[in-house]
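Q: According to TrEMBL:
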type: TRANSMEM; residues: B:12-35; note: transmembrane segment
type: TRANSMEM; residues: B:55-81; note: transmembrane segment
type: TRANSMEM; residues: B:93-114; note: transmembrane segment
type: TRANSMEM; residues: B:134-158; note: transmembrane segment
type: TRANSMEM; residues: B:179-208; note: transmembrane segment
type: TRANSMEM; residues: B:241-261; note: transmembrane segment
type: TRANSMEM; residues: B:267-289; note: transmembrane segment
Amino acid sequence: MDWFNNFWSIYSNLVLSLGTNALLALSIYLTLACGMLSIANAAFMGIGAYTSALLTMNYGAPFPAVLAAGMAAPALMAFIIGKPTLRLSGVYLAMATLAFGEVVRIALLNAESITGGALGLNGIPQLTQWWHVALALVLTLALLWRLRRSRVGRAFESIKEDETAAGLMGIDVGAYKMLAFVLGAAIAGLAGALNAHLTFFIGPGEYGFDRAVDILTMAILGGISNLTGPVIGAVILTLLPELLRAFKDFRGVVNGFILVLIVLFLPKGIWDPARFRQWFGKRGGRI
Amino acid sequence: MLEQQLVNALSLGSVYALFALGFTLIFGVLGVINLSHGAVYMVGAYAAEQAVAHLALPLWGALLFAFGFSGFMGLLIDVLVLRPLRARNAPHLIPMIATIGVGIILTNGIQGIFGAENLRFPLGLVPDTTLSLGGLSLTALELGIILLSFVLMALLLLALKKTQLGRALRAIAESPKAAYLLGINVEGLFYLTSFVAAGLGGVAGVLIGLSSNALYPLMGKSMLEKGIAVIILGGMGDIRGALIGGLFLGFAEVLSVAYIGSSMRDAVAFGLLFLILLVRPKGLFGTLLERKV
């Protein structure tokens with residue numbers, strides 16, 4: 001097991017950030033599955049991260065409670081802003097949630113006495129174990145998988161296909177959208193809380209526009225036709241910069257090229273069951 | 001010093017408007033949120049700097065060069081990335097992700113070539129004369145920025161309103177399919193739009209690079225965020241909206257820095273944006289163009 005210990009001591013952070021990134025990708029998948037392009041997830045992640053980190057550092061709260069609070073705070077926030085925001089659709093929803101994300105980032109930046117301002121919070125105890133991340137991911141996947149096949153999941157699907165028709169069929173569009181939004185925020189908050197207790201430093205810059213775009217990219221790149229896609233997208237986008245170290249100064253360029261090529265040649269994302277079925281005949285069924 | 005602040009606001013706002021104009025033009029005509037527009041803006045600034053440093057071009061030549069270079073960049077992006085996606089009728093999020101990739105390539109490419117540290121335009125490129133107008137002092141640079149931005153915007157507006165080309169473009173904005181059936185060269189106009197929009201972005205990059213006198217690979221990032229705010233404020237795809245939204249944002253920022261504090265600069269912009277969207281979901285001028293979106 002020597003090689004494993006070696007590997008783990010070097011790459012444990014990377015492996016665990018695979019897990020948190022997968023959670024983030026799933027959180028945006030949930031809203032996308034309901035037909036909403038909401039990119040406030042970076043902000044929700046930030047709210048979760050700060051809430052949990054502050055609880056640990058200032059009040060020494062137990063870790064499970066901290067995680068719960070890290071999910072509850074962004075969920076509550078999502079509930080509050082959900083009502084007016086979810087009236088918007090398409091690009092406008094995307095932009096409103098983006099603007100909300102910026103407001104959160106700037107609020108974190110300016111509430112210096114609580115959040116440490118631009119310096120962020122330092123010395124967060126490293127409480128996240130590998131199995132915390134694994135368990136969170138498995139539970140989230142199980143929940144979302146169960147949800148997909150339930151009444152709720154079917155409602156999401158129909159809202160995504162045609163909102164008006166779904167409404168006419170008696171589906172409470174507003175309530176289901178709110179559910180997806182709040183649940184997505186909670187998952188993003190969980191990822192934030194786990195991540196904060198992993199990296200031992202957090203700052204407002206981590207939860208801005210770039211992170212929002214990253215999260216969206218993971219989900220779209222992997223494919224959002226099912227749960228596997230976002231996870232694969234998260235894995236690829238997390239590993240890619242590491243794998244490209246050999247390119248030194250130009251690794252970002254290569255990274256970008258790969259992103260563009262994937263989008264150009266696999267427009268439905270990497271994990272696309274329809275394409276697999278085409279390749280392997282009809283036997284594949286629903287993957 | 002309110003008047004002085006207003007002058008600063010006008011020059012900042014006119015650059016925002018110029019940047020947002022290209023951004024909104026691409027959205028209106030191609031239906032793509034082009035997230036590489038910030039990187040193209042940065043490339044324009046670098047192109048001008050290189051033109052001045054190595055080709056010894058005068059300022060107007062450098063501006064022209066930046067327009068052409070970043071315009072060509074925009075054309076290239078359209079031909080290589082957006083056209084194949086159009087041909088495949090990819091859902092609207094996909095081109096947006098592709099432009100994120102393009103932005104990453106450009107930003108990291110410039111950083112790989114020129115390094116991450118700041119570049120500067122040589123001193124004396126802009127005459128440092130100051131004009132005083134009834135108690136106001138206007139530097140040549142400020143005046144130049146305001147004039148150039150407004151002239152370019154006026155030209156574009158006129159072209160869209162009065163020329164046959166402009167009518168064709170507006171027809172495409174309405175419905176590319178119908179425009180195609182009417183015999184309009186849709187692809188050609190897509191290329192033209194990408195060229196002009198990117199060119200305007202590049203010129204905006206030079207102007208901001210001159211006024212802050214610092215070029216760095218990530219300079220397009222904050223501009224892109226501002227650009228998004230502006231076109232949402234004004235209504236996506238609306239030209240006048242971009243103009244007024246840009247000026248509005250410029251004024252809001254400068255005045256908030258002057259009277260509230262510099263740290264609130266971005267909070268004002270995005271807070272306003274958030275509020276406006278809640279009250280007017282389609283932006284200030286959105287109702288007229290609802291069909292387009």
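Each residue, glycine too, has its Cβ placed from N, Cα and C.
Those TrEMBL annotations? Automatic predictions, nothing curated.
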Q: Is the count of Cβ pairs under 8 Å between the transmembrane segment (B:134-158) and the transmembrane segment (B:93-114), pairs 6 or more apart in sequence, 3 or more?
A: no
Q: Tally Cβ pairs under 8 Å between the transmembrane segment (B:55-81) and each listed stretch (B:93-114, B:179-208, B:241-261, B:267-289), then give the stretch with the top tally.
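A: Checked against B:93-114, B:179-208, B:241-261, B:267-289; highest Cβ contact count belongs to B:179-208.
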Q: Hey, which bits of the same chain come close to the transmembrane segment (B:12-35), Cβ under 8 Å, at least six residues off its ends?
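A: Result: 41, 77-78, 82, 86, 92, 95-96, 99-100, 103, 145-146, 149-150, 152-153, 156, 169, 172-173, 176, 189-190, 193-194, 196-201, 203-204, 207-208, 211, 223-224, 226-228, 230-231, 234, 236-239, 241-251, 253-254, 289, 292.
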Q: Restricting to the same chain and to residues at least six past its boundaries, which positions have a Cβ under 8 Å from a Cβ of the transmembrane segment (B:267-289)?
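A: Contacts with the transmembrane segment (B:267-289): 28, 226, 229, 231-238, 240-241, 244-245, 249, 252-253, 256, 260.
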